[in-house]
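What follows is a single structure, written as structure tokens, with notes after it.
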Amino acid sequence: MNQNNQNEMQIIDSSSNDFSQSNRYPRYPLAKESNYKDWLASCDESNLDTLSATSDVKDTVSKVLGIVNQILGFLGLGFIGTGLGVLGDLFNSFWPSNNNAVWEAFLRSVEELINRRVGEVERFRIEAQFTGLKNVMSNYNGALRDWNGNRTNTALQSEVRSRFDNADDAFAARMPEFRIQGFEIQSLAIYAQAATLHLLLLRDGVVNGRLWGFAPETVERLYDKLVCLSGAYADHCTFFYRQGLEELRGRGNWNAFNTYRRNMTIQVLDIISLFSNYDPRIYEINTNTQLTREIYTEPLANPGWLNSHSNPTQFQQIENDLIRSPSVFSNLQTLIMDAGFAFFQAGIARQTVLRTRTTSINMNRTAVIITPWQGAPHPNVSHELHVTLLDRNVFNINSVVGREISSQTGNFFGVQQAIFHFVWAGGNAATTTQFNLPPISGHSTSITSNIPGTNSTTPTGSDYTHRLSSLTSTSVGTWQRDRTNIMAYGWTHVSAERTNRIIPNRITQIPAVKGSLISDNPPNTLRTRVESGPGHTGGGLVVMGGGTSLLQMRITSSARQRYAMRLRYLALDPAAVEVRIPELGVHVKFQMPQTATTLPAPLPYSHLRYVDIPLRFETPNGENTWTFELRTTNAAVTIDRVEFIPVNATALEYEGKRHLEKAKKAVGDLFINNGKEALKVDTTDYDVDQAANLVECVPEELYTKEKMILLDEVKHAKRFSQSRNLIQNGDFEFATDGWMTSSNVIVQADNTVFKGNYLKMPGARETEAGTTTFPTYVFQKIDESRLKPYTRYKVRGFVGSSHDVRLILERYGKEVDALLNVRNDLSLDTVAPSCIEANQPYPIIHDGCLTNVIDTNSYEEAQSGHANFKKEHGMCHQSHQFDFHIDTGEVHINKNPGIWVLFKISSPEGHATLDNIELIEEGPLVGESLALVKKREKKWKHEMETRWLQTKEVYEKAKGAIDALFTDAQDQALKFDINISHIISAEHLVQSMPYVYNKWISDVPGMNYDIYIELERRITQAYSLYERRNIIKNGDFNHDLNHWHATPHAKIQLIDGTAVLVLPNWSSNVSQNLCVEQNRGYVLRVTVKKEGPGKGYVTISDCNGNQETLTFTSCDNYVSNEITNDQSEYHFSQEMNEQRSYNPTETINEQLDYRLGQVRNEQRCYTRNAITNDQSEYHFSQEMNEQRSYNPNESIHEQRNYVTRTIDFFPDTDQVRIDIGETEGIFKVESIELICMKSQ
């Protein structure tokens, strides 16, 4: 571009003396002499309003902007703590003429935006609710005014309580009528306004409830409801707002899509973005809040383009061009426009604005942001136009769009003039600045672009709600893009201030997007960035990136004031944060707790939480500017806003006194009496920990003595809690001492929901192939010696969050089997060190309402009196605190059933955070509960007797088979005739032992574990002796083909758990050369199976030509386990069975250890064929694992069909060779031995 053309810019500023009000266009001699008013009069169509539409839409937008302004004014300047809210003023806004006209306009306005009407029946239902709300709210407001005039009058207190309850009930009944299925979008504006009234009503109840005479518990319930419904209402609005947006996207008309977004942002999203400010315990004083979102008025184009429908690609191109990507907040400085040739008209070359760009300055005033050129891609530019804005608040723009022809659907058009109406920042005297191009007589359209004021649909210098924030352009969808440009104006709400100033004696909210972002991130990681908000935050969110991320804010303070700080944020994991204010010497590091585990879209309201920054700082006197810095490293953190809370001496004393009172009450409530002789039964260990947190919040500088006394008392309570708890280390202060856990369980101390340590259980582990799952578990068994007979015990604890976690309590069976699915919805700003407060956990939200805690005891008693046994997965428990009971009958010291407390996760998606696990005595059993436990115990005894008999039968068979393997009782040597089949057969009997492992967890010892391990040890000894006496290396093929010379087709297969050599055809063979003692005799013994035709052979030979061969055919297989020396099968011999030294009076509980709680927590030996953690098939039924394939009468060997033969061999040399082969078919070799006769 020719820089000399800069002087052709025509900027007219009516506030200066450089330009007259009548512009004669001296640089365009062919243009008629006319002033701007004449030109407007010549336009064939004028004043195409940005809101385009009917008075319903314009009036509704103006009305809602007024409502937002009222609420912002109340929050910022109203009498927050006086008890009189803003509901009275809002009532007059919603029912100005004592009718429902405003509400009906809300409904019609959205109907027009999406071009879908509400059915007549549904309309009647919706409108009927307006009248009901009007009546109850009118009654409540009247009662509130009367009470405020005489607050000590008990009759007026009773009246306002009654009117409040009526109004609260009315909203509960009517809110569903504002979201009738199928018409949720049309009624969304109504829903948002009704939700505002309900939440502000509940806020009144929380602030004034105690003064009205409500019990503290009632006020707490109202607060819980306020917090809960804030999220439920906001999430409903964001969901259906987006649904309407996507519906219009699908229709393809971008202008209608943008009109819906603009107006619904004002009517719905701005309303719900204020919900978080209604919490009176977080915002106890006036609060300055800001809306930073940007909305766009109708593009400057002819009606043909505005009404066109685009394909999805073109639609998205328009969206990308005209709507700015999420970015940090900045102040618009300059509009830069290139003008040039667009079309000929009457032989004259007409000019329009062909492309645009802007300059802005960031909030830290450290960078000028220059946007790229937008509009015509290759324009024929003649000169450049500039409009300088600086600190001007532009609130209204009159633009003129010229066309080539009179038709409003012509191919060529563009902006030729614009007048910008503005006031200087801080003032209200309106003035204008403008740019002009030569007019096109008769073929122009005047378009007014603005957002209404609070009292008028056309804003004025003293009544405007938005200021110009951006200018964008596109040529997509035009006939010739190089000669056409479409401009659009972006607007931001005036509550978004041009600077980041904090106001004394007010909470100041500064959105995170009003900072600067610095990111030092490694490759392939996301940078710190701004993302679009979910709709309920009033603007975008800052997402801290990988590596080191820095959020900087330049803050201005005007007076000496002490401040506290907090963040509203989201974190998927606990994050280390560093905060600095270099100019004020402030530097602190702290842990930002996790708020959520997933990030769904749209972001739920409840995922955003508050965290107090553990610092206090003081600003100096006078006007000062300083920098706030927040730094993270590799943290998945999203920041909504930073809040500065003023703290003065009076406030510190008030805050300290309030903390002292709360701590005293919390500690006192732990004990049964003032003497603090014992804890209440209902006092949980979690209650004690939270009371300790409250004591820590008491300021020591103000209440040294009181805090010391409270600390002693809460420590006393903790000792009581620990002494009565039969669970060892239930608060995990000593890591996992006393617990048995899977290897992936960890103990952490980084979550302020818990005091100190807590247990974190990740999801179950899967093998890479996904075929095997290893559960995550933690359990503890309370030994029988610690229990009392016929007593009920209470098991309870605290769950921070969980998913797919089974809690199993067992003594005689599955007394409790509950699925814990507890949402991660707790308030995380509840504890020291900052203690700035809101220490009430947020309640659970489920489908927009409070989820009641399910009492399993009540459930059980409803089923069978006081029965305490439940079916598997009898309930899904959703409360953060669980509480179950389990009963004991007789005390069985020898059998030691004890009480098992188990938490188990079987799915990879599961997770849990746990703490304060307790098992305490509740009291003796009486009546029906006593009878039921006796009945259950009798059944359990019968089951145990059956198990003992099963175990006894298998044990005797296995022990007898193993005894027969050895020559002596010390298992020092194998009998000569024992081959590998005998050992395998004995091992299979051992493997059939039932109840070896816990039925819930496959690698935890069961009641027969010790005798099983002892028998396995003897089997391992047998294998060891077998291998040592066998001169042939790897004769059992357990090490593949190591030590064998093999042809390619020879292979090792695992058949029924045993390694077998398989020769598939005549060309396959294996061989091995061995060193032996000359002049010694040897026995060659092989166990084989021949399948199909032909013969299999095993040959032994020495270097002098001596050779012996054993041959086998398929006919041999019917003689099972033949021994050539006519040795009888020892393990099947009836004689051997009769000779076993079985004493029927002998008990085997020396081997059977029923005292399960005393089983050693050691690693099992990883010996041959032992079951290891990696081999356990967790995906099989745990019940099957417990039974361990019990069938004492089955003889595995009868079905094996392997043949064992021996042959004597006397070599003449010290080397021999073994050859194995076949002539045809398949030859399987299970084992081959060469035994020196001296070992007989």
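Yeah, the Cβs are placed from backbone N, Cα and C, and that goes for glycine too.
Nobody curates TrEMBL annotations by hand; they come from automatic prediction.
The model shown is predicted, which means the values in this text are computed figures rather than measured ones.
On the 0 to 100 pLDDT scale, the domain 'Pesticidal crystal protein' (79-279) averages 92 in this prediction. The annotation domain 'Pesticidal crystal protein' is assigned in TrEMBL to 79-279 (among others).
Positions annotated as domain 'Pesticidal crystal protein' by TrEMBL: 287-497 (among others).
Among the features that TrEMBL reports, domain 'Pesticidal crystal protein' is placed at 507-648 (among others). In the domain 'Pesticidal crystal protein' (507-648), the DSSP tally of helix, strand and coil residues is 9 helix, 83 strand, 50 coil.
Helix first, then strand, then coil: DSSP counts for the domain 'Pesticidal crystal protein Cry' (727-823) stand at 3 helix, 49 strand, 45 coil. Sequence annotations record features per position, and here TrEMBL assigns domain 'Pesticidal crystal protein Cry' to 727-823 (among others).
Per TrEMBL, domain 'Pesticidal crystal protein Cry' is recorded for 860-923 (among others).
The domain 'Cry1Ac-like' annotation in TrEMBL covers 1036-1114.
Per TrEMBL, the feature region 'Disordered' maps to 446-466. Counting residues per DSSP class in helix, strand and coil order gives 0 helix, 8 strand, 13 coil for the region 'Disordered' (446-466).
Sorting the domain 'Cry1Ac-like' (1036-1114) by DSSP state (H, G, I as helix; E, B as strand; all else coil) yields 1 helix, 42 strand, 36 coil.
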